[in-house]
Amino acid sequence: MQNALQKYYDFLRIERRLSPYTLTNYRRQLSAVTELLTQNGIRSWQQVTPSVVRFILAESRKAGLHEKSLALRLSALRQFLAYLVVQEELKVNPATGISAPKQGKYLPKNIDQEQIGKLLDNRSNEPIDIRDRAMLELMYSSGLRLSELHGLDLNHVNLQSREVRVLGKGSKERILPVGHQALDAVLDWLQVRLRFNPKDNALFVSSQGGRLTPRAIQKRMEIWGVKQGLSTHLNPHKLRHSFATHMLEASADLRAVQELLGHSNLATTQIYTHLDFKHLTDVYDQAHPRAKRKG
């Protein structure tokens, strides 16, 4: 079983060019599936039937996995089994037609603009603080995913045109604008970056000189949020959602926000760009000709 998995991981890395972060997620899900199978006496992928797939989902749910995590696990397994069909290791995909439990619409909380200002109001001259502020400014300015920020190299940022080139899901490249404050923060970081003795072209490096890992970026964001007195837990997803919400509040151009976020499906953007009812009411009162009070 492990031999087939390793070939699949090589395929994802070389042929599909998935990021290390995404590849790690695939490994995590398929390792959990493999452990469940071996614990129940299944030693080959040829023994996996639709009933076995349903059993995996049921056991995963018993173990405490929520709907979104179950959907991710099923998706990873289904794609791997489809690969085995193409490789003629299986005749049919036993996960075809099986659905994960229906997910409710999850509306992530956003950070309001006042809190964003508080978050980024730090002019420390410490090199690590300069780096962390540049990461936060860039992520909020361009709505980057954690994996996209992690994968940035020096040549991905064009200082003249104020653009950043990112590799999104499915190796889709997109060019994004960078705001003036984010650009200034990146320039400040580039002036001190060499003090970290960087070992490669990664834009953001650790104190040891290597590319910052996704987990290290998350940890630095958590620490920064606490240090700046943020009233909510800070994570990359929340910052990206805040970017989307604030962009929609300012422009109401859902298609433009979809392009900036790199979503292939507009429905995904609609979930990200949830607007609170008070904002909608304010916009309505100001814009609708029959909503204004008579003077």
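Numbering starts at 1 and runs along the chain as it is shown here.
Quick reminder: no glycine exception, Cβ is built from N, Cα and C everywhere.
Feature list (source: Swiss-Prot):
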- Arg145: active site (ACT_SITE)
- Lys169: active site (ACT_SITE)
- His237: active site (ACT_SITE)
- Arg240: active site (ACT_SITE)
- His263: active site (ACT_SITE)
- Tyr272: active site, O-(3'-phospho-DNA)-tyrosine intermediate (ACT_SITE)
- 1-85: domain 'Core-binding (CB)' (DOMAIN)
- 106-285: domain 'Tyr recombinase' (DOMAIN)
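Sequence features annotated in Swiss-Prot and their locations in the structure.
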| residue | record | DSSP (3 states) |
| --- | --- | --- |
| Arg145 | active site | coil |
| Lys169 | active site | helix |
| His237 | active site | helix |
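Counting other C-beta atoms within 10 Å of each candidate's C-beta, the active-site residues Arg145, Lys169, His237, Arg240 are led by Arg240. A straight line from the CA of Arg240 (active site) to the CA of Arg145 (active site) spans 7 Å. With respect to their backbone Cα atoms, Arg145 (active site) and His237 (active site) stand 7 Å from each other. Cα spacing between Lys169 (active site) and His237 (active site): 15 Å, rounded to the nearest whole number.
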